[in-house]
Amino acid sequence: MEAIKKVFEQKKAQDATAFVAFVTAGYPKKEDTVPVLLALQAGGADIIELGIPFSDPIADGPVIQEANTVALKNDIDYPTVLGQIREARQQGLTAPVLLMGYYNPMLAYGEDKAIQDAAEAGANGFIMVDLPPEEAIAFRQKCAASNLSYVPLIAPSTTLKRIQFLASIADSFIYVVSKMGTTGSSANVAVNEELPTILSRIREYTHVPLAVGFGVATRDQFNYVADAGADGVVIGSRIVNAIKAAGDGEVPQFVENYCREVSGKGEPSRVRSPGAAQRTPSQLTPNAETAKGVENILPARFGQFGGQYVPESLVDALAELEEAHKSAIEDPAFWEEVRSLYTYSNRPSNLYLAENLTKEAGGANIWLKREDLNHTGSHKINNALGQILLAKRIGKTRIIAETGAGQHGVATATVCAKFGLECVIYMGAEDVRRQALNVFRIEMLGGKAWVIPVHSGSCTLKDAVNEAMRDWVTNLSTTHYLVGSAIGPHPFPTIVRDFQKVIGEEIKAQLKEVRGKLPDVVVACVGGGSNAIGTFYDFIPDKSVRLVGVEAGGEGIDGHKHSATLSMGQPGVLHGVRTYILQDKAGQIIETHSISAGLDYPGVGPEHAWLKDSGRADYVVCTDEDALRGFRMLTQKEGIIPALESSHAIWEGVKIAKSLPKDKDIVICLSGRGDKDVEQISELLPKWADKLDWHVSSNAIPSK
């Protein structure tokens with residue numbers, strides 16, 4: 001910490017600006033990192049940010065994303081990064097080093113141990129991109145105990161109240177994000193012209209130095225930021241690009257040359273604009289009174305799960321959304337507007353006694369909650385309609401969404417068509433391939449709706465969420481992110497649940513009307529968990545009702561090709577929320593698999609995580625094979641073609657029904673219809689035909 005303070009003191013005495021340089025550890029090769037660190041110092045870097053690679057860097061642009069991907073392929077983990085710092089120190093590195101990255105690898109390593117080991121390795125502090133302020137107070141205290149700095153981030157969107165709080169927990173400097181959006185720079189794009197105003201606003205609350213990053217690539221841009229009043233200039237993406245452009249053996253020299261050029265090392269001292277570094281001292285200290293600025297108006301956690309683990313740029317947008325949702329759900333006129341759309345969405349959905357399925361099971365009555373009969377073919381329309389009304393309340397004109405199976409994409413594009421809003425759907429390239437029908441449906445809904453395939457990672461739902469969040473942070477002023485499942489940072493899990501809980505409310509009323517009782521068991525498939533939390537929520541206080549969530553077991557949970565997050569995962573942080581996730585020992589998110597695109601996700605809603613840990617709900621797995629058996633069973637016994645997602649719940653529901661007496665009642669949420677999956681199954685069936693003893697002629701299917 002003291003070394004960082006000393007840098008800024010020396011620069012102030014020289015009327016100069018500190019150069020803060022970022023690189024990703026292990027990029028492009030593991031053995032390049034130490035020479036690159038030394039080259040940064042030789043080229044004029046006063047402080048170095050060393051990036052800890054993460055599988056899902058939602059705040060970063062394409063350049064840093066690629067560097068993270070390459071570094072992970074080079075087996076770079078937290079202990080390796082610390083080892084590189086030790087080696088660099090031994091070889092003469094004296095510049096302060098800040099470890100910069102995302103929270104989950106730290107959480108997996110152990111927060112206390114991560115801080116202690118960093119200090120022992122020679123690091124000087126941390127920048128945690130997605131560590132929320134509420135957590136940061138405790139984290140900062142632990143850092144201070146090891147003489148390490150905690151560097152908070154402030155964005156152009158940060159409110160004065162939050163600036164006051166964030167300034168109060170800064171000890172060495174504050175990282176000021178110059179623009180909304182992800183990391184990245186261009187020599188042809190000017191730095192934000194509002195930067196002087198942003199810096200002046202922050203200086204009203206702190207005397208701590210301010211270092212500005214995002215968007216700086218050239219010496220002229222460096223000087224502009226310095227003249228705007230910055231005490232330091234952060235450059236990252238441009239350095240990573242220089243590394244990429246270098247040939248084998250040339251990386252250190254390329255890095256040093258660029259750093260010399262941009263920092264002006266070796267050139268005559270440059271006089272900054274008058275008044276560039278004026279400061280207003282502050283006596284603020286971190287305390288409970290200051291921290292009140294970040295309190296939530298709706299409960300942000302379910303036990304230990306939930307929260308807002310997001311980049312600073314998103315915090316105020318989430319607060320705006322939370323306030324709008326609270327206002328809406330307390331407004332009878334809002335719910336009247338929602339209910340007025342039931343004739344459009346075909347609510348209430350029917351509760352159907354599956355007599356043939358019941359007879360097949362030979363046990364409890366099997367009831368199907370027919371969400372598949374909703375407009376657009378699934379439960380997703382419930383949430384889409386609710387959120388589109390929220391978006392209109394806060395004046396958004398552009399809607400983005402992620403989708404896996406495509407059902408949420410279709411529902412979102414549908415409501416955008418109805419309300420005349422622009423619509424962009426992010427979908428993993430693999431899901432685009434296996435859900436081609438839904439892609440066509442989305443794009444058929446009008447010129448304002450289109451699908452953007454995502455080619456990163458496993459090219460599935462997780463990666464679509466990453467890209468949607470990057471879009472949102474870049475376009476907050478006009479855009480609402482219409483999250484499709486009960487995932488993501490607060491208040492998204494609560495919002496989605498509130499618009500899906502109609503499922504359980506209707507089940508309770510409908511079964512009481514025909515049976516005069518509560519169901520004994522309710523069953524729903526679980527990916528992110530929207531249809532399941534909608535089914536379960538109204539029954540949580542009813543202890544006599546067993547709640548069963550069915551996860552995607554893929555090819556079996558004895559291997560890694562599954563999506564059984566609650567059954568096989570561990571608590572961690574992904575996509576802005578603390579919940580159960582599928583991760584390796586280093587805290588990197590692992591690729592998942594399911595025959596159903598909608599369940600192919602390595603996380604789950606935080607309320608499900610709480611229901612699991614509290615014992616209120618049971619979560620089991622259903623393999624691809626058994627899901628196909630469930631699909632076939634319902635199709636041939638009842639003449640109802642279910643979505644592959646719902647087929648997981650069908651299989652488990654019938655299995656449970658077999659174990660119960662005939663006077664019991666089990667309700668299965670049939671979350672969607674299977675039209676979208678028919679082509680995929682026709683392609684898969686030859687592989688499964690003998691194992692399932694299911695031979696269907698495909699002569700009627702046109703060849704491609």
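Including glycine, each Cβ sits where the backbone N, Cα and C put it.
Across the region 'Tryptophan synthase alpha chain' (1-292), mean pLDDT in this model comes to 91. According to Swiss-Prot, the feature region 'Tryptophan synthase alpha chain' maps to 1-292.
Among the features that Swiss-Prot reports, active site, proton acceptor is placed at E49 (among others). Take the CB of E49 (active site, proton acceptor) and look out to 10 A: across all protein chains shown you find 27 other CB atoms.
The active site, proton acceptor feature in Swiss-Prot is assigned to D60 (among others). Secondary structure at D60 (active site, proton acceptor), taken from DSSP and collapsed to helix, strand or coil, is coil.
Under the heading region 'Tryptophan synthase beta chain', Swiss-Prot lists 293-704.
Annotation source Swiss-Prot lists N6-(pyridoxal phosphate)lysine at K380, citing similarity to another entry. In the three-state DSSP assignment, the secondary structure recorded for K380 (N6-(pyridoxal phosphate)lysine) is helix.
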Report summary line: One should report the C-alpha separation between E49 (active site, proton acceptor) and D60 (active site, proton acceptor), rounded to whole angstrom, as 15
Report summary line: DSSP says E49 (active site, proton acceptor), in three-state terms, is strand
Query raised in the report: Counting only residues 6+ apart in the same chain, whose Cβ is under 8 Å from the Cβ of D60 (active site, proton acceptor)?
Result: N68, T182, T183
